[in-house]
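Undergrad: Okay, so TrEMBL annotates it like this:
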- 37-285: domain 'G-protein coupled receptors family 1 profile' (DOMAIN)
- 22-44: transmembrane segment (TRANSMEM)
- 56-74: transmembrane segment (TRANSMEM)
- 94-115: transmembrane segment (TRANSMEM)
- 136-159: transmembrane segment (TRANSMEM)
- 195-221: transmembrane segment (TRANSMEM)
- 233-256: transmembrane segment (TRANSMEM)
- 268-287: transmembrane segment (TRANSMEM)
Amino acid sequence: NLTLLTEFVLSGLSSRPELQHLVFFTICLVYSMTLIGNLLICMLTVHPTLHTPMYFFLRVLSFLDISTATVVVPKMLINLLSEDRSISYLGCVTQLYCVVFLAATEWYLLAAMAYDRYVAVCSPLRYPAIMNTRACLSLVLLSCCSGKVVSVVQTAWVFTLSLCGPRRINYFFCDIPPLIMLSCTDTSLYERQLISATVLVIFTPFCLILLSYTCIISSILKISSAESRHKTFSTCSSHLTVVTLYCASGTLIYLQPKSSSSQDAKKILALIYTTVIPTLNPLIYSLRNKEVKEVLIRVM
């Protein structure tokens, strides 16, 4: 008596019709800022004075931010102005795969950026030898491969569940928590697996980042010049700010995957994770980084 789902309907951010146009223009503005800001970072970091590993990783991070927002936002904007909010089964699979891949890759990349800062501060004389072009490319490739493995496993596991519930997804894109709520079978095993994956993808890199910054802060405190200490800490604090934003929103979304009572709160957190944080990254790195501001002024 069960009917397998061939398409889904995304409920969106709000069910109130009078707010649809306001939400549309707000999200459209934020998405435009995301594209402009991250494309600007990508172009500025190509400048010869910024040919260092830190700015190479920052360029990759900006590309991932653009991709994350582009996977989610255009479909959301179309649904805000359309009565047909359906998404095909294959489209949902593709969107989930891309979101998980990009999110996991960003986390491993943030860990690579923390390692780069650790080497720069704690072993400055060996920095050019350790963080050469090959090492930087290897870290980015390793981040992408790890993200791909996580994405393939999670996507395959979600869509092997019997999704026979109502086809309406109480979300604005295909994500793991709202999808497993459609399952008509016991998902307790999968929920435990998802928590384990969250620990692996978020907390393992987070612990490595904390360890790196513990060593970095210890080295910073040994610097005699107050100006040098401030410059070094300013560079590292930008990265820590981004890590904190990602960690807070990501853990609150995935540690309670099947909690219907917090679904609206998860929508807001997911919106922050996929739309707001990609907009803030260029602002955090450019406004707090003297070298980037100098290149921007020079180019302008």
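Cβ atoms are placed via backbone N, Cα and C, with glycine included.
Unlike curated entries, TrEMBL annotations are predicted automatically.
On this model, are these features tucked inside or out on the surface, and what's nearby?
TA: Long-range Cβ contacts of the transmembrane segment (22-44) within its own chain (Cβ-Cβ under 8 Å, at least 6 residues beyond either end) map to 13-14, 50, 58-59, 62-63, 65-66, 69, 73-74, 76-77, 80-81, 275-276, 278-279, 281-283, 285-286, 292, 295-296, 299.
Within its own chain, the transmembrane segment (56-74) is flanked in space by residues 27, 31, 34-35, 38-39, 41-42, 45-46, 95, 98-99, 102-103, 105-106, 109-110, 112-113, 116, 136, 139-140, 172-173, 274-275, 277-278, 281-282, 285, which lie at least six positions past its ends and keep a Cβ under 8 Å from the stretch.
Non-local neighbours of the transmembrane segment (94-115) in the same chain are 54, 57-58, 60-61, 64-65, 67-68, 71-72, 75, 87, 139-140, 142-144, 146-148, 150-152, 154-155, 158, 173-176, 179, 201-202, 205, 208-209, 212-213, 239, 242-243, 246, 250, 273-274; each lies 6+ residues outside the stretch with a CB under 8 Å from one of its CB atoms.
Panel annotation: around the transmembrane segment (136-159), residues 53, 56-57, 60, 93, 96-98, 100-106, 108-109, 111-112, 115-116, 176, 179-180, 190, 193-194, 197, 200-201 of the same chain, lying at least six beyond its termini, place a Cβ under 8 Å from a Cβ of the stretch.
Long-range Cβ contacts of the transmembrane segment (268-287) within its own chain (Cβ-Cβ under 8 Å, at least 6 residues beyond either end) map to 13, 27, 30-31, 33-34, 37-38, 40-41, 44, 58, 61-62, 65-66, 68-69, 71-73, 99, 103, 171-173, 175, 238, 241-242, 245-246, 249-250, 252-253, 293, 296.
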Undergrad: With Cβ-Cβ distances below 8 Å as the criterion, list the same-chain residues six or more beyond the ends of the transmembrane segment (195-221) that contact it, or say none.
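TA: Long-range Cβ neighbours of the transmembrane segment (195-221): 103-104, 107-108, 110-111, 114-115, 117-118, 121-122, 150, 153-154, 229, 232-233, 236, 240, 243, 246-247, 250-251, 254-255, 257.
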